[in-house]
Amino acid sequence: MASITDKDHQKVILVGDGAVGSSYAYAMVLQGIAQEIGIVDIFKDKTKGDAIDLSNALPFTSPKKIYSAEYSDAKDADLVVITAGAPQKPGETRLDLVNKNLKILKSIVDPIVDSGFNGIFLVAANPVDILTYATWKLSGFPKNRVVGSGTSLDTARFRQSIAEMVNVDARSVHAYIMGEHGDTEFPVWSHANIGGVTIAEWVKAHPEIKEDKLVKMFEDVRDAAYEIIKLKGATFYGIATALARISKAILNDENAVLPLSVYMDGQYGLNDIYIGTPAVINRNGIQNILEIPLTDHEEESMQKSASQLKKVLTDAFAKNDIETRQ
């Protein structure tokens with residue numbers, strides 16, 4: 001992974017030019033992240049068209065090379081971002097997608113690894129925790145160099161909801177959603193705070209904020225994707241911006257703490273699974289995992305979420321008989 005240490009030229013290969021992928025590329029252009037973006041998709045005309053369209057925005061932002069790419073172009077990339085996969089339909093859970101997207105994923109990871117790619121995989125296709133684990137198994141890469149978007153979007157939704165409730169800037173809210181990016185995710189209320197004031201203290205000072213309001217707020221966060229899909233067919237702006245933030249942390253060697261899908265090696269009593277938790281990320285991938293002290297209820301929620309993921313993961317690999325590199 002020699003090129004990622006060269007701050008003057010950072011190369012990203014995006015696999016998947018659907019709504020999420022193209023929105024991600026646009027976010028990268030607007031924020032001036034990376035100097036080269038290659039876009040891979042089975043629909044070549046779409047990647048060519050998007051490359052031209054995005055390049056037209058460069059005079060308003062910063063110089064960048066954007067082009068329709070092949071898997072072989074990943075050989076000297078710093079980062080491969082995978083958004084390709086079957087989209088989530090109305091009424092369909094993220095876990096329902098697993099069998100369809102496992103097969104798609106294998107057709108992506110194999111040629112990327114064969115190209116000589118030696119950077120970092122960032123996975124966003126759903127179900128993200130399972131597909132990130134699958135990317136690790138299929139690639140044979142070290143676990144720190146395969147990461148998923150995890151609960152980054154859920155956490156952003158959570159912070160925004162709290163911010164709207166108390167009328168502050170969402171960037172001043174510090175709170176996390178952990179676990180599966182999906183139905184078994186949970187809020188870490190015990191460490192949530194607004195500018196250092198805990199949620200418990202805030203509620204005590206504002207009796208109009210009842211517990212049932214907080215419960216409803218989290219449920220709306222958890223189910224936000226279903227509502228958006230019902231209204232407009234897909235979610236993409238939020239996750240695309242989250243992916244751009246993660247990419248920036250990797251490429252700029254930030255050592256940023258972000259809620260990501262990472263490999264558990266004893267943390268929270270979990271092993272051999274990818275799941276959402278705050279972690280430190282830099283140009284080498286995951287530097288370390290922050291094991292937040294959880295309440296008994298939160299710990300129970302983490303175990304429940306992991307158990308659900310483990311079951312689906314085991315069933316999916318058994319059913320699809322996928323050959324892996326580790």
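All residue numbers here begin at 1 and follow the chain in the order shown.
Backbone N, Cα and C atoms are what each Cβ position is placed from, and that goes for glycine too.
Annotated features, as they stand in Swiss-Prot:
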type: BINDING; residues: VAL20, ASP41, LYS46, TYR71, GLY85, ALA86, SER107, ALA124, ALA125, ASN126, SER149; note: NAD(+) binding site
type: BINDING; residues: GLN88, ARG94, ASN126, PRO127, VAL128, ASP129, ASP154, THR155, ALA156, ARG157, THR235; note: substrate binding site
type: BINDING; residues: ARG159, ARG171, SER172, VAL173, HIS174; note: beta-D-fructose 1,6-bisphosphate binding site
type: ACT_SITE; residues: HIS181; note: active site, proton acceptor
type: MOD_RES; residues: TYR226; note: phosphotyrosine
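Features as recorded by Swiss-Prot, highlighted on the structure.
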residue: VAL20; record: NAD(+) binding site; Cβ contacts under 8 Å, 6 or more apart: THR83, ALA124, ALA234, THR235, PHE236, ILE239, ALA240, LEU243
residue: ALA125; record: NAD(+) binding site; Cβ contacts under 8 Å, 6 or more apart: GLY16, ILE82, THR83, ALA84, GLY85, ASN101, ILE104, LEU105, LEU131
residue: VAL128; record: substrate binding site; Cβ contacts under 8 Å, 6 or more apart: ARG94, GLY148, SER149, GLY150, HIS181, SER261
residue: ASP154; record: substrate binding site; Cβ contacts under 8 Å, 6 or more apart: ILE177, HIS181, GLU185, VAL221, ARG222, PRO259, GLY276
residue: ARG159; record: beta-D-fructose 1,6-bisphosphate binding site; Cβ contacts under 8 Å, 6 or more apart: ALA170, VAL173, HIS174, ALA175
residue: ARG171; record: beta-D-fructose 1,6-bisphosphate binding site; Cβ contacts under 8 Å, 6 or more apart: none
residue: TYR226; record: phosphotyrosine; Cβ contacts under 8 Å, 6 or more apart: PRO90, GLY91
GLY85 (NAD(+) binding site) - helix vs strand vs coil (DSSP):
coil
Helix, strand or coil by DSSP: which one applies to ARG171 (beta-D-fructose 1,6-bisphosphate binding site)?
helix
Rounded to a whole angstrom, what is the C-alpha distance between ALA156 (substrate binding site) and SER172 (beta-D-fructose 1,6-bisphosphate binding site)?
12
Do any residues at least six apart in sequence from GLN88 (substrate binding site), in the same chain, have a Cβ closer than 8 Å to its Cβ, and if so which, in order?
ARG94, ASP96, LEU97, ASN126, ALA225, ILE229, ALA234
Taking the binding-site residues one at a time (ALA156, VAL173), which has its Cβ surrounded by the most other Cβ atoms within 10 Å?
VAL173
Fewest neighbouring Cβ atoms within 10 Å among the binding-site residues SER172, THR235 goes to SER172
What span in Å does the NAD(+) site cover, taken as the longest CA to CA distance among VAL20, ASP41, LYS46, TYR71, GLY85, ALA86, SER107, ALA124, ALA125, ASN126, SER149?
24
Would you measure the largest Cα separation among ARG159, ARG171, SER172, VAL173, HIS174 for the beta-D-fructose 1,6-bisphosphate site and round it to whole Å?
9
Quick one: pull the CA-CA distance for SER107 (NAD(+) binding site) versus SER172 (beta-D-fructose 1,6-bisphosphate binding site), whole Å only.
42
For the recorded positions listed here, LYS46, HIS174, HIS181, which shows the highest count of neighbouring CB atoms within 10 A?
HIS181
Additional residues surrounding beta-D-fructose 1,6-bisphosphate, by Cβ distance to the ARG159, ARG171, SER172, VAL173, HIS174 centre under 8 Å
ILE162, ALA163, VAL168, ASP169, ALA170, ALA175, ILE194, GLY195
SER172 (beta-D-fructose 1,6-bisphosphate binding site) to LYS46 (NAD(+) binding site) - Cα separation in whole Å:
39
